Each structure stands twice: as C-alpha cells, then as structure tokens.
C-alpha cells in the first residue's frame, strides 16, 4: 500500500512537472512557428532558400560539434548527483572538446556555405557576411547548450523556460523587422537569431554560475576518458547524422533547385510542433531516465512508455495538421499554397523524426551508443536511393526525400537501445536478501 501511494505521488509530481514544462515550451514553439511562417511569407522564394541553407549549416555544425558531449555531461553528471562539486570541471572539459571540434568543422564548412549561397542567388559580399554571422552564432549555441545540460540535471526548468521564451521573442522581432525593412531580406532573421542566442546563453550562464564554480578547471581522468570514448564513437556517427538530417537541404542547394528547396522547407515549418515532443524528452525525461535505477525489465519498460507517448502525441498532431492543411498552407503565402501533397508527406516524416529524436536522446542519456555504426550504411542507402530514384528538381520528389530522412536515425536508435539493454549498460542490479539455510529441527 505504501509503495502504491509513493508511485501515485511520483506520478502526480512528474505529471505536474511535464504539464508545466509542456505548456511553457508550447508557447516557445508557437512563437518560433509564427516567426518561421512570417519568414516564409515575407522573404522571396530565393531569400527563403538562402535562409534554409543557413539554418541547415548551423544545425550541422551544432550537431557535429556536440558529438554526444552534451549527453555525456548529463550521463556523467547524473552519476555524480546530488553532489554537484565536480560539475564545474566537467563543464570545462566538455567546452574544450566542443570548441576544438566546432572550430575545425567551421573552417571546412564555411567556404561550402558561401558557395551554396552563391548557387542560390546571393552575392559575394552577402554570402561572406551571412556565413560569418551563422558560424559565430553556432559557437554561442554550443556554449549555451552545455549550461542547459547542467541545469537540466538540477531540474532548473524555470530558468530554461524563461530564457527560451525571451530568445523566441527576439527571433520573432528579427523576422517582423522585414515588414518595414524588406530590403534587409535574409539578414533580419539571421541577425535576430544571433542576438537571441546570445541573450539566452548569457542568461543560462548567469544562473549556472550561481550554482556551480565555473572557474573550476579540475579534470577527472575517469570523466575525461569516458567523454573521449564517446567523442571517438559518436563523431563519425554525427557526421553521418548531418548527412541524413541536412543532406536534403545541402543536395538541393548544390543542385541549384532553389524553388524545391524553398517549398519543402516552408511546409516543414509546422514540424516545430512535433519538436515540442522531442524537447520534452530531451530536457525533462532524458535527465530523469539517466538517473533512474532498476532492473533491465524496468528500464526497458520506462523506455518503451516514453516512446509510445511520443508516437501517440506525434500521430495526434499529424491528424490535426492534415485536417487543417488548407488554412495552414495559406498562412505560408500564395507561393506555397499549392503544396498540399508535399505538406502531408513532409509532416509524416516529422512523426518519424520525433520518434527517432526521442529514442536517440534517451539512448545517449544512458550511454547506449553501441550499434551506432548502423547509421552510416543506412544513410548511404537512403541518400543514394533518393538521388537515383527521385526527381529532386520537383517539390514532390524533394518532399519524399526529406520525409524519409528520419528512417536511418530511427533504425540506428533501435539498434542502440537493443544493444544497451542486452548488455545491461547503465542498469542497476537488483539487490536481494541473502538466503540462509535453516538448520533442520
């Protein structure tokens, strides 16, 4: 009876926490979606294609620059908790790894981004300026996400929500600036994004500094070795992840398929709604999952329950979006109102993407990275099949290519979870009372 009461109390506590976080995060996502819709509506097709390339590049460098480091901060820090005295040194180590990786990648990717922008109608000066702003924003983003990872461990959801809300509002202001200053074109949302990211990072750093010693340079050999192993294992994987998640945008940009790139990116704006589910998993459930103890069966059951919830939520969102597709497309502007089939295809891919992102985040929070090699051949098969079988100069072909991009990640996440559970990685063994032989009477 006591255990039942404790379980009910725990469910109520987590239910309230999820509801509050989901409501606040829903507001942030709504503001972000409005900003995305306005950008699609106010920018020209050419300008919006350039903006899509900037977002894809920023995402690519951020993903590879992380290479599981943020998740390792959660996983390692979760084992240290509730003792937070070692988290300052952990943050220092993680920042060093991230800056080295992101710096090397920026040198390689910067010229590529400038060339892609030139391929899609930007001038030389514009391409160089946009590339510089985007790469600078990426470094700010990477530092801010480390503070966020530590605050997650301490359940500081309030400050993350408030800083996220402020950041979303600033991004919206950057897009709204296009109304009176249309000549700013893609510069307005790009600069707005950089300022918003900077404000959020400063806010998160200030809160983290009040709770941890950010001047701590102590490096634990054990933590460093674990992080190094994760980087060696996940860096090649994340290069493949970038090819899988952003490959469609890069390929369309390289082919100069400006109209198709702008079209599929515009209809994917509503994918931010699905992103709410991934955010809840990443910022609320995965830290708790990282700290949870139990048998293999208990860990597997919790994992399955989370993913079932993600799939149910994503399916419900898709159904509502499908029923409201005509008014939703009209919000994007007349240049995209004919993309009904593409809207349904891309958002079906968003359901798969939410499931893959949720599973991947949960896996990394437990350190389940075995089987990650599957991503490489799966992505090669997807990329090759899409390039050979689809007409990527059309919106429909580009939509199918983009929607199926989640499949390699979903397949890889399934292998990671299976490998981690089979090997009982991060699973707490059940302690049983010793059995003593009772002497016979």
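Cβ coordinates are placed from backbone N, Cα and C, and glycine is handled just like the others.
Here the structure is a predicted model, which means the values were calculated and not measured.
As written in TrEMBL, here are the features:
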type     : residues : note
TRANSMEM : 21-43    : transmembrane segment
TRANSMEM : 49-75    : transmembrane segment
TRANSMEM : 96-118   : transmembrane segment
TRANSMEM : 124-142  : transmembrane segment
TRANSMEM : 163-181  : transmembrane segment
TRANSMEM : 187-206  : transmembrane segment
TRANSMEM : 237-264  : transmembrane segment
TRANSMEM : 270-290  : transmembrane segment
TRANSMEM : 302-324  : transmembrane segment
TRANSMEM : 344-364  : transmembrane segment
TRANSMEM : 371-390  : transmembrane segment
TRANSMEM : 396-415  : transmembrane segment
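Here the transmembrane segment (396-415) touches the transmembrane segment (237-264). Their Cβ atoms form 3 or more pairs under 8 Å, with each pair 6 or more residues apart. Most Cβ pairs within less than 8 Å of the transmembrane segment (270-290), among stretches 21-43, 124-142, 344-364, 371-390, belong to 344-364. The transmembrane segment (371-390) is in contact with the transmembrane segment (237-264), judged by 3+ CB-CB distances under 8 Å for residue pairs 6 or more apart in sequence. Tertiary proximity for the transmembrane segment (344-364) is limited to same-chain residues at least six positions away from its ends with a CB under 8 Å from its CB atoms, namely 68, 71-72, 74-75, 264, 267-268, 270-271, 274-275, 277-278, 281-282, 285-286, 289, 303, 306-307, 310-311, 313-315, 317-318, 321-322, 325, 396, 399-400, 402-407, 409-410, 412-414, 416-417, 420. Outside the transmembrane segment (96-118) by six or more residues, the chain places 50, 53-54, 57, 60-62, 64-67, 69, 124, 126-128, 130-131, 134-135, 138-139, 142-143, 146, 227-228, 231, 235, 250, 253-254 with a CB less than 8 A from a CB of the stretch.
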